[in-house]
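TrEMBL has this to say about the protein:
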BINDING   Asn36, Leu38, Gly63, Glu85, Asp111, Asn141  S-adenosyl-L-methionine binding site
DOMAIN    43-234  domain 'Ribosomal RNA adenine methylase transferase N-terminal'
Amino acid sequence: MAVPGKVAAYRLPPLPTVGEIIKLFRLKAQKQLSQNFLLDLRLTDKIVRQAGELKNAHVCEVGPGPGGITRSILSAGVEQLLLIEKDARFIPGLQMLSEAAPGKVHIVHGDILTYKMEKAFPKHLKKNWEDEPPDIHIIGNLPFSVSTPLIIKWLENVSKKDGPFIYGRTQMTLTFQKEVAERLTANPGGKQRSRLSIMSQHLCTVENCFIIPGQAFVPKPEVDVAVVHFTPLVQPKIEQPFKLVEKVVQSVFQFRRKYCFRGIETLFPESGRLKRTEQLMMTANVDPTLRPFQLSMSHFRNLCNTYRKMCDEDPSLFAYNYREDLRQRKTMRNLLKSTSEPKQTEEENQL
């Protein structure tokens, strides 16, 4: 858990307000990019405080937009600030901030989903994984459309200790839709317990810091926004490859309202499915009548470890794709159909 830091360790010279920057450069939030501006500097300061002590730190801000959070980061006295902005319309306003903090800001016009962060920071900042987190932080008010794929990408980086985590256990302070934040932090039995809960919590300490009401943004989104802080764990709670854990977790939550047995059996081809599913659940000591959201982290750890052993015994097993198998069977039925149209199976209706 991050210890909230202080803001205002560095004083920027007089600048136009964020609202004036928006007017000056005729900036308008684009709905197709799910952009929402945060103009209240008290709130941007509060977001930055959740990252912890930033004095002399190296920070990457994702999607700075008109630069509200950027100002708060600079005011915290950072050593270097890397800004990654996809929308070229915001670059002139960010350059104005860069000129106000000489030598501190580097602006990249690019997409964070494809940007290579392995070389984003100086090599001397690297720390061993077992050490305290490096003096590197990722902060961002993420567009809703990119937040989930981006955190999944970064969680895979955490698992592999690459990308921004090549420097050690880099901390992240990010915004999400309130509902997504609730999924990220949900406990077993909670109604928001989901794939995201397991994938994030088995790799990181995840803290839902505070809620920002939708009316604080321009334009106002239909939902509230939450600030979430991530600190990678020294030891993951499930010590298996990311793709294997992801496959098991996705399968379990595939039929969220049914018994977990129903989702787990989709890990196996139709031939021998029942026997293998029973073998997996018995060895993992998981009650087949539990719902997916009732399973604990130890349940998922046992399932992943047992499934890994089964894959080692049968290397073709991991390549099996239930959805692709369904598609192929449906295509085959369509090719062989006669005058009467066959009904869709229960699985196809659910998916």
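Heads up, the Cβ atoms here are built off N, Cα and C, so glycines get one too.
For Leu38 (S-adenosyl-L-methionine binding site), the same-chain residues lying six or more positions away in sequence with a CB closer than 8 A to its CB are Thr44, Gly68, Ile69, Asn141, Ile212, Ala216, Phe217, Val218. Glu85 (S-adenosyl-L-methionine binding site) has a Cβ environment of 23 other Cβ atoms inside 10 Å. Spanning the listed S-adenosyl-L-methionine site, residues Asn36, Leu38, Gly63, Glu85, Asp111, Asn141 have a farthest Cα to Cα distance of 20 Å. Of all Cβ atoms in the protein chains displayed, 23 besides its own lie within 10 Å of the Cβ of Gly63 (S-adenosyl-L-methionine binding site). For the binding-site residues Asn36, Asn141, the greatest number of Cβ atoms within 10 Å around a candidate Cβ is found at Asn141.
Sequence-distant contacts (6 or more apart, same chain, Cβ under 8 Å) of Asp111 (S-adenosyl-L-methionine binding site) comprise Lys86.
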